[in-house]
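First up is the structure itself, then whatever we jot down about it.
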Amino acid sequence: MYLIYLRLVFCCALLLGCGDNSKFDSATDLPVEQEQEQETEQEGEPEESSEQDLVEEVDWKDIPVPADAGPNMKWEFQEISDNFEYEAPADNKGSEFLEKWDDFYHNAWAGPGLTEWKRDRSYVADGELKMWATRKPGSDKINMGCITSKTRVVYPVYIEARAKVMNSTLASDVWLLSADDTQEIDILEAYGADYSESAGKDHSYFSKKVHISHHVFIRDPFQDYQPKDAGSWFEDGTVWNKEFHRFGVYWRDPWHLEYYIDGVLVRTVSGKDIIDPKHFTNTTDPGNTEIDTRTGLNKEMDIIINTEDQTWRSSPASGLQSNTYTPTDNELSNIENNTFGVDWIRIYKPVEK
């Protein structure tokens with residue numbers, strides 16, 4: 001149980017989007033800047049009366065799912081959800097944790113960039129999943145945590161995590177990935193630090209953004225498509241490392257994704273031209289745009305929660321130190337800043353009423 005703030009908003013802007021093993025590979029994946037739509041007030045209404053805040057104690061299972069389940073449908077809670085109300089020490093997670101999770105990535109890969117995922121860098125205590133980052137002794141590598149669900153999910157499904165982004169230049173992530181690493185949905189990807197010692201400059205450009213996107217891949221030769229419009233980097237003025245927030249996605253079908261933050265729809269991507277414009281999901285001759293056998297995001301996916309250093313940030317293509325966003329030893333010495341917390345993750349399927 002925890003306190004959430006439900007807002008009745010009478011005038012709101014609906015933000016609709018056009019849409020390394022994974023994640024970013026170069027600075028070209030940064031957002032195209034565009035002016036954010038602003039909320040407009042109803043004429044004649046004072047700002048104070050445009051919304052009212054209601055404070056209510058709600059169990060995590062009973063918080064309304066913000067997505068529409070569809071005509072004559074309702075949301076059904078799935079038992080693979082986890083509120084982490086148990087103890088799972090870093091070096092011996094125990095049966096309750098291991099029933100739902102493996103404390104590593106979904107294959108033997110140890111992570112991108114300077115990342116080195118370790119089983120003992122995640123634990124459950126005080127009602128939270130926690131992951132922390134430390135320098136690997138005698139190395140530039142960074143030891144970090146990663147867990148993978150033992151049950152896969154597939155559309156139609158709503159997935160939402162309540163998490164607190166690290167106050168770090170490292171990535172805090174909640175995402176989905178198919179077993180063959182060809183389809184990916186990013187629910188949360190954020191870099192929470194306000195300042196980067198390695199770059200020697202302000203980092204608030206990133207600390208105020210959440211990356212919400214998807215990828216389709218061809219693995220050999222490696223090719224990666226993801227939307228690069230500004231809508232894939234959500235921003236509303238919030239600095240995401242300050243408190244817990246809810247990050248969710250409704251994976252309605254292979255061609256439709258809806259992203260929600262704190263229960264508000266912030267991005268929709270829908271249709272073949274935004275999900276897979278390069279025909280990477282063709283069942284025959286992937287990448288050949290002369291034929292169309294695209295499947296879209298149709299594969300079962302693992303749920304992955306992790307922290308990571310990413311190649312495009314620690315080894316930028318420019319080679320410039322001013323573009324190098326990886327934590328220094330001094331920054332890593334602050335364990336609190338480099339700890340990612342997840343209060344819960346919940347999964348729902350639409351079923352007939």
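Even glycines carry a Cβ here, placed using N, Cα and C.
Positions annotated as N-palmitoyl cysteine by Swiss-Prot, on the basis of sequence analysis: Cys18. The S-diacylglycerol cysteine feature in Swiss-Prot is assigned to Cys18; the stated evidence is sequence analysis. The region 'Disordered' feature in Swiss-Prot is assigned to 30-58. The annotation compositional bias 'Acidic residues' is assigned in Swiss-Prot to 32-58. Positions annotated as domain 'GH16' by Swiss-Prot: 58-353. The substrate binding site feature in Swiss-Prot is assigned to Tyr105, His106, Asn107, Asp181, His215, Arg219, Asp224, Gln226, Glu308. For Glu184, the entry in Swiss-Prot reads active site, nucleophile. Residues annotated as active site, proton donor in Swiss-Prot: Glu189.
Glu184 (active site, nucleophile) is 5 Å away from His215 (substrate binding site) when you measure Cα to Cα.
With the fewest other C-beta atoms within 10 Å around its C-beta, Glu184 stands out among the recorded positions Glu184, Glu308. In this structure, the residue listed as 'active site, proton donor' is part of a beta strand by DSSP. Mean pLDDT for the domain 'GH16' (58-353) in the predicted structure: 98.
Taking all protein chains in view, 12 other C-beta atoms sit within 10 angstroms of the C-beta of Asn107 (substrate binding site). Cα-Cα distance from Glu308 (substrate binding site) to the residue listed as 'active site, proton donor': 10 Å (rounded to the nearest whole number). Every protein chain shown contributes to the tally, and the Cβ of Glu189 (active site, proton donor) ends up with 23 other Cβ atoms within 10 Å.
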